Amino acid sequence: MARSSAVCFLLLLAFLIGTASAITCGQVDSDLTSCLGYARKGGVIPPGCCAGVRTLNNLAKTTPDRQTACNCLKSLVNPSLGLNAAIVAGIPGKCGVNIPYPIRMQTDCNKVR
């Protein structure tokens, strides 16, 4: 009995670890740090910003990762940060990256696949 309980626990743990998102908001912030000046004032988009956008896009391959990235990106368009929401929303396109959802506060990240 104890052995079967242990096996069930390990299977549950493996399932939970396997479905957990590998991307964190810390990772998103790190990848997009070089975008902050551009997101405040516009101008010329820094090459490092586009490199970070591409890196983040390449990391977000699973549904949980995309949903986490979506929620993290939504936090960037929060008016209290002083970033221009329209500029933030346009960064992926300016970098030639197509993401499957708009970056805006109203986006329902639970629907991102």
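Just so it is clear, glycine is given a Cβ too, placed from its N, Cα and C backbone atoms.
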Considering the candidates CYS35, CYS49, CYS50, which is the cysteine that Swiss-Prot reports in a disulfide bond with CYS95?
CYS50
Of the candidates CYS49, CYS70, which does Swiss-Prot name as forming a disulfide with CYS109?
CYS70
Among CYS8, CYS25, find the residue that Swiss-Prot gives as the disulfide bond partner of CYS72.
CYS25
Looking at the disulfide-bonded residues listed here (CYS35, CYS50, CYS95), whose Cα lies nearest to that of CYS72 (disulfide bond)?
CYS35
Nearest by Cα to CYS50 (disulfide bond), of the disulfide-bonded residues CYS35, CYS70, CYS109, is CYS35
By Cα-Cα distance, the member of disulfide-bonded residues CYS25, CYS70, CYS95, CYS109 nearest CYS35 (disulfide bond)
CYS95
By Cα-Cα distance, the member of disulfide-bonded residues CYS25, CYS49, CYS70, CYS109 nearest CYS95 (disulfide bond):
CYS49
Taking 10 A as the limit, how many CB atoms besides its own sit near the CB of CYS50 (disulfide bond)?
19
